[in-house]
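The annotation domain 'Amine oxidase' is assigned in TrEMBL to 21-373, 418-493. What TrEMBL lists as FAD binding site is Ser22, Glu41, Ala42, Val224. The substrate binding site annotation in TrEMBL covers Phe337.
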Amino acid sequence: MPRSESTGASFHSIVVIGAGLSGLQAANKLVEKYPDLLLVEASSRLGGRVQQAIFAVHSIGGAWHTTVSALWRTASTYFTLSVLQGLLQEVNCNLREFDWPDYWYFGNSRQLVSGDAKVSDEELERLHELFASVGQRVRPEPDISAAEWLRQEGASERMMAVADACYANDFGCSLHQLGLSEMITENQRWDSGDTYLILDRPLQALVQHLSKGVENNIQLQWPVSRIEYGPEGAKLYGPSGSVVQCRRVIVTVPIMMLQQERIIFSPPLPAEKTAAISRIKMSNAVKVIFAFSWPFWPTGFFDVVCTDSFMPEFWVTEYPATSSDPATAGLCCMVGFVAGARAEEISHLSQTAVITRSLAQLDHIFGKRSQNSPGNPRNMGLLVLMASRRGDFGNVSLIFRFIAKQGPIQASSRKHPATAAFVRAHVEDWSRSPYIGGAYSYPSLGARPGDRESLAASLGDTLFFAGEATHPAVNPCMQAALETGERAAAQVLRASEHVPSKL
Ligand SMILES: Cc1cc2nc3c(=O)[nH]c(=O)nc-3n(C[C@H](O)[C@H](O)[C@H](O)COP(=O)(O)OP(=O)(O)OC[C@H]3O[C@@H](n4cnc5c(N)ncnc54)[C@H](O)[C@@H]3O)c2cc1C
């Protein structure tokens, strides 16, 4: 590692700060030209907001993995051209497409309704139309929240509840936090599509793939606390007095880290950028990943959006029994997801309370009407048949073992299927993640047109910015993170064509 004679600090052409998808993508695009590139990451692992939950099932000694961030919602036409598509091809990954959501649960009336029925639900139809065509509206001045906008449109309480649980929760916030102005921008610039694209493997596979090309350039547990920058380059201050010097820096940290001034910039960032940083918001998200011994939900079920409920969304994921231990193979996985003001409130609850309340909600949703109860002999046979057809012999043995242990199913299990089938759960509260601090940026009430561009703007030829919040189309997804990483790398390459590197 080359060292500066005057300071003893190591010297690099490029330093990328943050090893999430944007930082990894940027580093990948630059490492060939700059083999001395350094990627510094504050935490002890790669991937940032793409993280796997690991369940160790102690009693039987196996390990069971599932993914915390598992899906994309991206229009197929856009997707075909995207950075993401290229990446998935490189890892030989297949996708499945699901309607989103395929069930609704109306908490007030305790009604579970198949999504197919939504065509005959005029209120739901109208709501979808309003959100789908929001880009045709004129930006309000001053900005108003989505809650206010829907009120002006004469939306009923039921429509508001659906908008909050479905749209706002997906945006990573609550209805009163969601800003109409940025929603309009997003709708004009980004085609989110109506379906979910699900990978055939945990997302960690993408992180591993991206890190392959740069594994010798990574420094973990190196939180940057100060950046001194100027036209000639930058000096970065890390842990225990360590210092790194470089010609150019790409900053990819979550916007919450910039808002909390966890990195001090010297000279301070320009007023336009700091104003944008203060107006673009990021709330919290909590994911609860459940392992169940049998699937108590209807056959073919994928996702349910729940109004007036503790947890606004649950979906099932088939990922995967990575353990070779047949005792853990075949456990069924379901994910609960809550964002925004509700997730901030949930942060104050104990993990046990979060799990218990989620299970109670699932019992209400699927209780009694559960047709998949393994205690029902007809369904037992069906489950075994389906599992054998899939070649899923772990599941077959699991079902038989379940019956051997439990005997004939109790009526209470039909009433409380989630509680009866519960094995364990993992609660991931993103506000507690020290170098992330929450979920992802959302179309923010009060953000001004051009704020995302200001956040993304580079400073001279030295300081470049990437990360989901810097995407001008406001979609805070993994695709946006990858695209901004690619954009920053292209900016660095252009800058180095104009100004010869001093190294
Ligand atoms: C619960 C949840 C669910 C999601 N679901 C989906 C989904 O279904 N589909 C989808 O497309 N997207 C989803 N996302 C969004 C997606 O995960 C993110 O947009 C994307 O991963 C962000 O990547 P990034 O590189 O911009 O930021 P990050 O992944 O946050 O990477 C930034 C990195 O910077 C590091 N860092 C912070 N401070 C410092 C410092 N001072 N010095 C050095 N390093 C630092 C952090 O540790 C982190 O590793 C979800 C996110 C969450 C939290």
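For all residues, glycine too, the Cβ spot is worked out from N, Cα and C.
Any TrEMBL annotation is an automated prediction that lacks curation.
Feature map: TrEMBL annotations on the structure.
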residue : record                 : Cβ within 10 Å
Ser22   : FAD binding site       : 33
Glu41   : FAD binding site       : 26
Ala42   : FAD binding site       : 23
Val224  : FAD binding site       : 23
Phe337  : substrate binding site : 25
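Filtering Ser22, Glu41, Ala42, Val224, Phe337 by Cβ distance to ligand 1 (under 6 A) retains the following binding-site residues: Ser22, Glu41, Ala42, Val224. Shown in sequence order, Val16, Ile17, Gly18, Ala19, Gly20, Gly23, Leu39, Val40, Ser43, Gly48, Trp222, Pro223, Thr252, Val253, Tyr435 are the same-chain residues outside Ser22, Glu41, Ala42, Val224 whose Cβ sits within 8 Å of the Cβ centre of the FAD site.
Whole-number maximum of the Cα to Cα distances across the FAD-binding residues Ser22, Glu41, Ala42, Val224: 17 angstrom. Here the candidates are the binding-site residues Ser22, Glu41, Ala42, Val224, and by Cα distance the one nearest Phe337 (substrate binding site) turns out to be Ser22. According to its DSSP assignment, Ala42 (FAD binding site) is coil. Across the range of the domain 'Amine oxidase' (418-493), the DSSP-based residue counts are 32 helix, 15 strand, 29 coil.
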